């Protein structure tokens, strides 16, 4: 008589080990996510804080001139700009530590190198719009030098390359983003003038304006560098009127009044703005898909609005008041629109920008 064999299956509950494995996977995933964010981040993201800081400066001036405007909006905007700037600075500092090779690659890129000025510009604007620091205080002066020294250092490196390095002539490397370096010097000049350092302000202003004229003439000739500018970055064309608008602001602070030179620079920026607005096809392809470059629409308009405010204060007629109202309203509306679009497209915000990492210069393609 045969006894039927029976198989006994023993099931071991390994939920504890699975939980440990899941925790380990999450712990391993967190550094991967951070490194992914850092690898996607570049200095062009400081366009966001640049827009916030310039908007805070506009609101500071407007609240001072028109007491009926809510001062709470200015304070909230300034603290939002501060939080954004600090966050971006920390992230970019981590990138410099962990992904320094990518930072060097960005420094070598004919477009990316210009946005290395953006953190300093944002900090200088944040300082000038600060509600609690007086321009003549020691803290203001100390922070000014901390933010201005990187600008002068980059000037020495970048401008020197244009006439000493064999493969990096301005005629080859020039592109609309090259005007960011000019804006950095002019914003620093305004900051120095606010402290009463007239000689320092004139030095920075002359440095910025000389290079602006050279860059503007180079770009006006449509040399090879401009033809290599990517379509997705065409919002950066708004820098064409941002540079003379910033120069007008700086000269107004140096002289203490909106004189003839300041008016000429304002009219130049106004003319270039109208010229760009009359050519919507130039920007049509760049707005098909969201890109962080869209923030380049915001801060140039804000600089133009700041100019219109100063112009209205000097001229005091109906046309000047209408210009101030139009550009101030336009600045706020564009700023809010871009901010809402950024929130709606947050998943696309930190995608790797293949434009900036595709080549180191026009001749490298």
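Placement of Cβ uses the backbone N, Cα and C atoms for every residue, glycine included.
Taking the topological domains listed in Swiss-Prot, residue 60 lies on the same side of the membrane as residue 319. In Swiss-Prot, the annotation transmembrane segment applies to 132-152, one of the ranges 48-68, 132-152.
Contact between the transmembrane segment (236-256) and the transmembrane segment (74-94) is not supported: fewer than 3 Cβ pairs lie under 8 Å, counting only residues 6 or more apart in sequence.
By the count of Cβ pairs under 8 Å, the stretch nearest in packing to the transmembrane segment (74-94) among 107-127, 132-152, 258-278 is 107-127. Comparing 169-189, 200-220, 258-278, 322-342 for CB pairs under 8 angstroms to the transmembrane segment (132-152), the maximum falls on 169-189.
In the predicted model, residues of the topological domain 'Cytoplasmic' (1-25) average a pLDDT of 50. Among 200-220, 258-278, 322-342, 322-342 has the largest number of CB pairs under 8 A with the transmembrane segment (292-312). Within the same chain, residues 53, 56-57, 59-60, 74-75, 78, 81, 140, 187, 190-191, 194 sit at least 6 positions outside the topological domain 'Extracellular' (128-131) and bring their C-beta atoms closer than 8 Å to a C-beta of that stretch.
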